[in-house]
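Quick look at what Swiss-Prot annotates:
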{"type": "BINDING", "residues": "HIS76, ALA117, HIS118, SER119, GLY149, ALA150, ASN177, TYR284, GLU365", "note": "thiamine diphosphate binding site"}
{"type": "BINDING", "residues": "ASP148, ASN177", "note": "Mg(2+) binding site"}
Amino acid sequence: MKSYPLLSTIDQPADLRGLSRAELKQLAQELRDHVLTSVSQTGGHLSSNLGTVELTIALHHVFNTPQDRLVWDVGHQTYPHKILTGRRDRMAGLRQLGGISGFPRRDESEYDTFGTAHSSTSISAALGMALAAKIKGEDRRSVAIIGDGAMTAGMAFEALNNAGVSGANMLVVLNDNDMSISPPVGALNRYFARLMSGRFYSAARQGAKSVLKNAPPLLELARRFEEHAKGMIVPSTIFEEFGFTYVGPIDGHDLDSLIPTLENLRDRKGPQFLHVVTKKGYGYKLAEADPVAYHGPGKFNPAEGLKKAAPGKPSFTQVFGQWLCDMAAKDTRLVGITPAMREGSGMVEFEQRFPDRYFDVGIAEQHAVTFAAGLACEGLKPVVAIYSTFLQRGYDQLIHDVAIQNLPVVFALDRAGIVGADGATHAGAYDIAYVRCVPHLSLIAPADENECRQALTAAFEQQHPVAVRYPRGAGVGVAVQSELTALPWGRGELRREARGGGRRIAILAFGTLLYPALAAAEKLDATVANMRFIKPLDTELVLSLARSHEALVTVEEGCLQGGAGSAVLEALQAAGVNLPVLTLGLPDEFVEHGDPAKLLAQLGLDAAGIEQSILKRFGAKLELVRPAING
């Protein structure tokens, strides 16, 4: 058990405000080690958290949290924040079922002022809090901490545009971990940051404006001179054009620079902008050398680092990546698009082999969808690789720019269904409902790896938009054919027929829950259909099973409201067929973080749960296997 002499005394941020600068530096070392040790034992986000240790300490040291509001963007870099705000001893349960979240949550701590996990929301939220304080007459500051990646999203600039003219007492901290500062430039920037953030500079600046306000040409000349002087040392003054006072860049790992600069900015009125430079993986050489590999590792030995995983069943993401390369080699019209998820979406090899047809548009899902529409208008065949949860951010574009124009865009929806440790914010629970209600837009839910490849091929062959949803992780181990063959369009298949005359129950499985449905059916002697297509639904198969069975059961890894089960009920109603239907899927609640298999079992969507739900609804096992009354 490691000993942390200083960290063990920090139960809340107030405990670190009396520490000396030397003690704060020691605290940073202990905090970084605790983050590394914790993540190595549970898995989680590592590189980003190692890079925010000093910044987190400085923010809690300078600002009176939780009275002052810290709003973290994305939130996967908040482990140091969690440790310093009373959750040090709960890190062993990080992202585990029943443990603390890997992201800020308002219901977890008063220091988590705003729940998040998607990017680019912090400035908007912090502005709302700052103006609320003004309306209520409360004396407090709001601070948004946002990364350079999240600054590529339009929402961040919408918020900057609004905040700059609001006069709100707020600070935006840009955590820039995609550049570095050489020591000489860093020293100069430290001096300049202190100068720009200090009271003398601010007072002199305002005084000069007052003197020159009656001489506009001189005022404009002075403004341009100031910008020219700053431009020799700092980046673009775009943020000042938004109405912010810009300070930086400064070294985000240097407490001697961070603390006095933040103290100066804390006492200034109006919108302030601080640019800090950090390094992902800082303090752990292996993560510094390969921050992508250590972005979200599983359990590992810090002394040895990550080990290459033994060959196993391919993941659905890998199946997609291979299909993308194979189809691109066959059809030169294919172009691949990702909103900043190259590794996560399995597009690394595609970028290497087809660089001119690969587009990473940054964290800009709205743009990604409409960009794909523009490509499709010119005869290309765009494939947008995007997590199910992130397509939600481009929903208007999906309808307005793609579906209404009936453009042939393929959406590869990764992370559909339960995602596990990332929890409710990343769950792909809603895509079935929000996709199937849109005209022109089709949706396929393959059951395994080979069907995923075939579904993507079928989608690519269409002349209208199609989404293919598949889960995170590996499939069941089905062999993947090398040929680019397509699923029969709009057709499901029977995978098991009841034996011994038992024709009472038919299970209609959508997606990867086919396999637990088959296992449950063996216990109940039920018929099982692999539906494959949610839209267009194979109504012929649905009605055939309805006429030959006494009850239907639908199974899906998506929300029940508006889901695949609802589609089956609508089809039966339209045909005037009336029989009992049990719909199984995700409940009307946000599913918490935890191991996916345990979560599915908890939700009754594993084989045992499906069996028990059917028995509970339709009776004892002996009754289920008796011949159907009207069979």
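Note that Cβ sites are derived from N, Cα and C of the backbone, with glycine treated the same way.
From a predicted model like this one, the values you see are computed outputs, not experimental measurements.
When Cβ atoms from all protein chains are considered, those within 10 Å of GLY149 (thiamine diphosphate binding site) total 19, not counting its own. Counting in whole angstrom, HIS76 (thiamine diphosphate binding site) lies 14 from ASP148 (Mg(2+) binding site) by their C-alpha atoms. The thiamine diphosphate site in the record is lined by HIS76, ALA117, HIS118, SER119, GLY149, ALA150, ASN177, TYR284, GLU365, and its two most distant CA atoms lie 32 Å apart.
The Cβ of GLU365 (thiamine diphosphate binding site) has 27 other Cβ atoms within 10 Å, all protein chains considered. In terms of C-alpha distance, the listed binding-site residues HIS118, ASN177, GLU365 place ASN177 closest to ASP148 (Mg(2+) binding site).
Taking the Cβ of ASN177 (thiamine diphosphate binding site) as centre and 10 Å as the limit, one finds 22 other Cβ atoms among all the protein chains shown. Taking a C-beta cut-off of under 8 Å and a sequence gap of six or more, HIS118 (thiamine diphosphate binding site) has these contacts in its own chain: VAL74, THR389, PHE390, ARG393, THR425. For HIS76 (thiamine diphosphate binding site), the Cβ neighbour count at a 10 Å cut-off comes to 23, with all displayed protein chains included. The Cβ of ASP148 (Mg(2+) binding site) has 15 neighbouring Cβ atoms from other residues within 10 Å, across all protein chains displayed.
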